């Protein structure tokens, strides 16, 4: 049946169509034999259709395939869950339910989080638990909270930690974490212990350094230390890049013993011989990373199946968990669902959530793949898994090339067409009498897709059943009756960021270390109690990273945190500022900021700077290379001042402590962007009474 026909049906029509689709081999006009064997549900097996169909045996009699380790997603890499924590209830809990609750939505088996390292890691920075060598704080950021919320919903979920960046003190002046492996190991093991001691979280796996060089000595020291301090149960995943480490493991038995999982990113469903020869579990430890529309869902359906079929990978982890960052940052809406408006409460359960459910709701880590070819004759794939207790789950996908392209790697051409498939259940599954059916059909015309709908159970006769498969479909056939598609009432409608926004940071015991809606792009801005100020600035927001981190991306040389609506054009920004660094310290407020994330070094906007030496500058970029105006301001360090920046049309003006300092500076580009605050370098500075009024 054509996609357009399916897309126009209501639920009843879809169910009826699904009945016909699965049972059409028994339609009166097609019958040649065995009509008496059809069931009252309309499903059955016809000898005539079997002759025309391709045959796929599923058998456990001669052994099984690899153990299944699960389907998961990444929070971090970076700051991808930044806006989620600010959602009001009940919407925040609803989002978490769709992600983690078993038999509800995505029902994820694994959660991988960034071990914050104070550096830019794609869409922002995440704070470290050790900004400085003598500093430990296991309540910074939001990953602790997220892991607890996941565990609250699914106590069996597996937790994984992986660093992208590291605080600068670890490198002792070098942009490298491996020169002092004992120091780096201490830092990582401290994070693991902190998770347990302060949050009662048991970390299951730990990574090395995301998509950067591995170091054999460091991995072996980490393994030795974990074993020595009673953390033998924690598996090391290496090296979260390509498969190169597997070749090193084959010639270094100590390295091979240290690594439990060989994890590769965006493997294109393929592995390499060296990885197979290690005899280790193979994972796609980061994958997907694709806009979360129907094509993204097609990408995700294809790789979840074919990572095992083509590459023997027993786990697949999506980047990223939920798009909870400003959409105009890099890789906007690359999460399994979208939740980027805490100010309105609006969120959207995107198609990849329900594609995930096809696998996660009917399998669990510890199940085992059946040995099967896995390739459908006319394109697409299938996998079959069992719990060893008689339960069987089969997942089939028929994604076409143009409807399943992931962001990376390049997908070589292939074809998929409609086909008839007959499955033969053998061994311990021969006596299965019926399978529950869950069905999705991705519609690329009207985007009116059928997503994760239950169809009538299919009757299995003498271990055999037949399906008519169209393109861009996903089927789950299972002995389990526990699948559910939950829905809440529609969340509030989408709204732009408030055009009049204030924050005085006056929170005595904040639930999180960062102020709502500020998205740090270089540096870390945290709530601060200014005990030395008896006046109006006791509770402030402070930039706290004072040494350039060991970077993963190209962090700026300045610190910056953005906020607001990327479409803002005219705005007035006011903020109290406090320069802590004498002589060469400095801070800014800015508007029409046009960039962030991994591109933060190229950020442009209208920046109003004041410096501890008493000067000011107006620049058209964060790097301060495009100077629009400069002069004397009389600003001093360790004194509170109030800055105001007004952007109207092609003109910009600035005030200091309520008095005009510069006026009518031409401001043609950028034409729109966020508001921002920040510092001249990695230095302490404070901000208070932030206010933006925009249009």
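Cβ atoms are placed via backbone N, Cα and C, with glycine included.
As annotated by TrEMBL, signal peptide applies to 1-33.
TrEMBL lists 68-361 with the feature domain 'Glycosyl hydrolase family 59 catalytic'. Looking at the domain 'Glycosyl hydrolase family 59 catalytic' (68-361) alone, the prediction's average pLDDT is 98.
Around residue 211 (active site, proton donor/acceptor), the C-beta neighbours below 8 angstroms that are at least 6 residues distant in the chain are 240, 241, 265, 552. The active site, proton donor/acceptor annotation in TrEMBL covers 211.
Annotation source TrEMBL lists active site, nucleophile at 286. Counting every protein chain shown, the number of other Cβ atoms lying within 10 Å of the Cβ of residue 286 (active site, nucleophile) is 27.
For 369-484, the entry in TrEMBL reads domain 'Glycosyl hydrolase family 59 central'.
The domain 'Glycosyl hydrolase family 59 C-terminal lectin' feature in TrEMBL is assigned to 520-694.
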Per-state residue totals over the domain 'Glycosyl hydrolase family 59 central' (369-484) - DSSP helix, strand, coil: 6 helix, 53 strand, 57 coil
